[in-house]
Amino acid sequence: MADDGLLLNFSLGDSNVIKAEPKLKGGTWRDRLSARKIAQHRSKGPRKPGDENTAPRVPRNPNQIEVSATRPQKRQRTDGGDGGRPQSHAQSNQPRQFISSLFTKNPEPKNVEEVKEEGPVEEAKPTNAPLIDGLDTFTNLGLSPSLAAHLLTKLELKAPTAIQKASISQLLKEDGDAFIQAETGSGKTLAYLLPLVQRIMTLSKPTTDATGQPIVHRDSGLFAIVLAPTRELCKQISVVLESLLRCAHWIVAGTVIGGEKKKSEKARLRKGLNILVATPGRLADHLENTKVLDVSNVRWLVLDEGDRLMELGFEEEIQGIVKKLDARQRPSRIPGIPTKRTTVLCSATMKMNVQKLGEISLKDAVHIKADPEDEDEKARLANKEEDSAYRVPAQLKQSYAVVAAKLRLVTLTAYLKRTFMRKGSVMKTIVFVSCADSVDFHFEVFTRKKQQTDDADASDEEKTEEKPLSPHGTIAPATAFSNPSNPVTLYRLHGSLPQNVRTSTLASFAKNREPSVLICTDVASRGLDLPNVDLVVEYDPAFSAEDHLHRIGRTARVGRDGRALVFLMPGCEENYVEILKRGYRDGGKALTRVDANDILKRGFGGNVEAGKKDWDVKATDWQCEVERWSLENPQYLEMARRAFQSHIRAYATHIAAERSMFNIKELHLGHLAKAFALRDRPSKINVPGLRQGKEETKKDFKAERRPAAGQKRKADGADMGDSKSSSSHDTATSAQKMRAKMKEHMAGASEFNLA
């Protein structure tokens, strides 16, 4: 086709001009990616004002707020704000706080059982009460008339319990070893102390012709040693022993326990003792280093709470004590003293470790039980697959409540408010938690001063009356669940407190005749006979079934009535109910379930039948008030974080047989943090010893690898700018470590389960 001379000119415009993309070379791939994005952004060019009219119109959403394309002019604030001051962006680096609702997204209980209404219940016959038969008196068991009269007149004990009847007659009749097994609260302490005192009183009956004084006195030597696992139990045994020895003043008893000065203990040993109550560790120390401690005349050795002795790791100490007693035993010149030593082992359970302790200390021991004639019971226990069998007192009314993690704190508060609503209904309550840090946190929450409605109107005198944060303040008014007609005193107790503070706190709680609550760890769960304890609350379930038995054994003692409540969370913890049922002779028919919402309604809403709907609002307001109180006080916020951390670490220490019921992987840490008045994400709760979240660990690792802006990197990978401040950084780090170490020694709440 021939060229006709026509020339075509097409106008494409500036927007459709094809531009060559530059090829980027060199640098890292991050730098090339950033440069490519910048080039693409520049190639688009500025947006023309008329382009918005040519864009397709999107149908309007009635719920969408239209925003103008042109930015309106700012107006000056007239509400007393900062005006034109530029806003600081420092808050963007702070951890975001999320205030979740108490009653949303809570897991539902898996096992839905019918909640039994409270009504007239058939009274169960007490299984640990003194015998009613008039023939079973202390005199008929072989005790001297003076000791029996002392029990009747001074101690007001008219008849022995079943275990006391069986053990006193056996230990007075024979000199062989014995294993005493009885349920908690049945009087095991007197079961071995009465034969011990009676045998030593029998040795002192012959008198010399010259002076007329008993042959046995404090210089005659040490005849008996009683070992107990905890200092509190040693103190209690010593108090009971001193009350018995008031009828035999020439017999002297003493204690050697940890936490006291060894110099004072050596002075007591130098003066002379006939009966010694001790902890295994301190006794082993004295046997090794104290020459004045003469054990050649020791003829009675008692191991109280044998299962706890083994759990606390005293096996080596006890084995060494037994070997030293055997090696140092010598024939005595005192007439009537046994030729060989008698060892008595006491325990409420028959576990494998108790049997191992018996192999170490006992030889041909007699098994003493409260009901040896019950052959059906013995046969049934022999066919059980478990290595231990524990029994709950029949008169103890036990219940459990399935409470969501977020509702734990408010539910406990509501239950205590309802318990102490009327004066005289409940005198004393013990609340068991898993760790010492949790004890300190809940003590501060329940004893905090209520916030003023108007801080400006509060006088200076009212501000000075606020309770200071004291590391050893263990007694305070319980403002969270007290009322004007029934004030309640709150106590706290755990193993990290100094020994003198623990002793004084426990004595004050025992002597207090007004309504009081003791919040504690398992340090108060073994052997302590605290009078008038009507209720036991297991806020955190025990680490084993045996520990649960000893916890609830603080109530319903020696025939008295008692109640116990266990808090469980929805999910795998509900299977723990089967463990609770095993402790009953009737298969758990007496075990009842309490609805968590009913507890909240009764605690925060008053009468349930009134149909009030504001109980959930009151519970939410109380929870938010505690959270604000925690945020406004850095020392309490740090305490809450430590309690949260220690609780999680303690949660993982359940025994292997029950670990499937307390699976730490199924814990909702965010919901659990709500129970400690925390609004932070669990990964943001940075306290010493708590592992950071995965994202924060990656960020810190990358930040350490990258040099700061304007700094050069050395050949060894360190930043040049770091060398200038290395000395100051090391000084600050060492000072911080020193403060943390001092705080650990002063506060003493670093452990999560001390007994």
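Cβ atoms are placed via backbone N, Cα and C, with glycine included.
Remember, predicted model here, so these are calculated numbers, not experimental data.
What Swiss-Prot annotates here:
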BINDING   A182, E183, T184, G185, S186, G187, K188, T189  ATP binding site
COMPBIAS  38-47  compositional bias 'Basic residues'
COMPBIAS  454-463  compositional bias 'Acidic residues'
COMPBIAS  718-735  compositional bias 'Low complexity'
REGION    28-128  region 'Disordered'
REGION    452-481  region 'Disordered'
REGION    685-755  region 'Disordered'
MOTIF     136-165  motif 'Q motif'
MOTIF     304-307  motif 'DEAD box'
If you draw a 10 Å sphere around the Cβ of T189 (ATP binding site), how many other Cβ atoms fall inside it, taking every protein chain shown into account?
21
So how many other Cβ atoms are close to K188 (ATP binding site), meaning within 10 Å of its Cβ?
25
Against which stretches of its own chain does the motif 'DEAD box' (304-307) lie, if we need a Cβ under 8 Å and a gap of at least six residues from its ends?
188-189, 192, 226-229, 233, 237, 345-349, 351, 353-354, 357-358, 526-527, 546
Within a 10 Å radius of its Cβ, which of these binding-site residues (G185, G187) has the fewest neighbouring Cβ atoms?
G187
If you count Cβ atoms within 10 Å of the Cβ of A182 (ATP binding site), leaving out that atom itself, what do you get?
25
With DSSP as the yardstick, break the motif 'DEAD box' (304-307) down into helix, strand and coil residue counts.
2 helix, 0 strand, 2 coil
